[in-house]
Amino acid sequence: MERLQKQPLTSPGSVSPSRDSSVPGSPSSIVAKMDNQVLGYKDLAAIPKDKAILDIERPDLMIYEPHFTYSLLEHVELPRSRERSLSPKSTSPPPSPEVWADSRSPGIISQASAPRTTGTPRTSLPHFHHPETSRPDSNIYKKPPIYKQRESVGGSPQTKHLIEDLIIESSKFPAAQPPDPNQPAKIETDYWPCPPSLAVVETEWRKRKASRRGAEEEEEEEDDDSGEEMKALRERQREELSKVTSNLGKMILKEEMEKSLPIRRKTRSLPDRTPFHTSLHQGTSKSSSLPAYGRTTLSRLQSTEFSPSGSETGSPGLQNGEGQRGRMDRGNSLPCVLEQKIYPYEMLVVTNKGRTKLPPGVDRMRLERHLSAEDFSRVFAMSPEEFGKLALWKRNELKKKASLF
């Protein structure tokens, strides 16, 4: 009892350490006062956890401080007790014993402790978000769903049925939006809306093309109707030009009249210039009328390398460069228009001693093509057809031996 008399009075539910213990802060020196009973450490530990001993929600997070105790006023304000238990220890010096003795008494607040609690309230920086509760509509979780809000606004059964029908109809479309009636319909699947099929796209394209054709025909009819207006404008131009005497005035008036004329966009009357409509015989007949450039009386033997098809070699009219327009060189995408000249072998030989001057217009990479059939068979000991069937490295080796590479 003496031990308890030495200790100051504490509020119910508070823990205070004993100062008489030989080992300060040991568990055996801790006593608690609860319901007008003094409990030791062992009795305090035997009480079940679900009973609020210290009137704190999380007693396991409370930090044990042997020199300070919590008063009842601090336990009343739950957010402050949470901040104090979860925040680190403050570095401010402890208050005087008189202030603590006055603050520990239940229901009595001294003048020394009053300014501490009322005048300078304890504030700490918030480390969490406080939602705005000034407006009742700010919290979206407390609001009813949209269709229920509409029911509260207009609670008639007709509007309720309309809203339900709208919800059901919108659930049938992707993104709850009806499709555009002007666009082709998409393929409907159970997984994801696919793009429209090619058949639907093709029909839509044909419809648009037909409408464009109709618009073009209308424009052509308008152009035909405006032909008379064009004639009238030209007659006016001639009359105005006949009135002007100076040449400079005539030029200026002519330019102004040409700018004022409407531009005709009729292009269907133009002939087709595509290569699919021109024939090979028409091109050869035109080329035969041109003056012969470098033609010789020697007849070249057409090989598979120099001609795209073997049918040209059998026809006599395609020899001697007449069918060169249709010939395709190997490795080139464009046809060889100009006929290659034929030179003797001695003029085409390339030596390493000095820089040899080749004839003009000679292809340095294909000197063998400028040889005649007799010189070709004499130099390479084979026909041009057999030479064209060889591999590239083999042909280069033969040309090196013949000094044509």
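Cβ coordinates are placed from backbone N, Cα and C, and glycine is handled just like the others.
Here is what Swiss-Prot records for this protein:
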REGION    1-30  region 'Disordered'
MOD_RES   SER16  phosphoserine
MOD_RES   SER18  phosphoserine
REGION    79-158  region 'Disordered'
MOD_RES   SER92  phosphoserine
MOD_RES   SER105  phosphoserine
MOD_RES   SER110  phosphoserine
MOD_RES   SER113  phosphoserine
MOD_RES   SER156  phosphoserine
REGION    173-192  region 'Disordered'
REGION    203-332  region 'Disordered'
COMPBIAS  228-242  compositional bias 'Basic and acidic residues'
COMPBIAS  252-261  compositional bias 'Basic and acidic residues'
MOD_RES   SER269  phosphoserine
MOD_RES   SER279  phosphoserine
MOD_RES   SER303  phosphoserine
MOD_RES   SER315  phosphoserine
DOMAIN    337-405  domain 'HP'
MOD_RES   SER403  phosphoserine
Does DSSP put SER403 (phosphoserine) in a helix, in a strand, or in coil? coil
Going by DSSP assignments with H, G and I as helix and E and B as strand, what are the residue counts for the compositional bias 'Basic and acidic residues' (228-242)? 15 helix, 0 strand, 0 coil
Model confidence over the domain 'HP' (337-405), as mean pLDDT, sits at 82
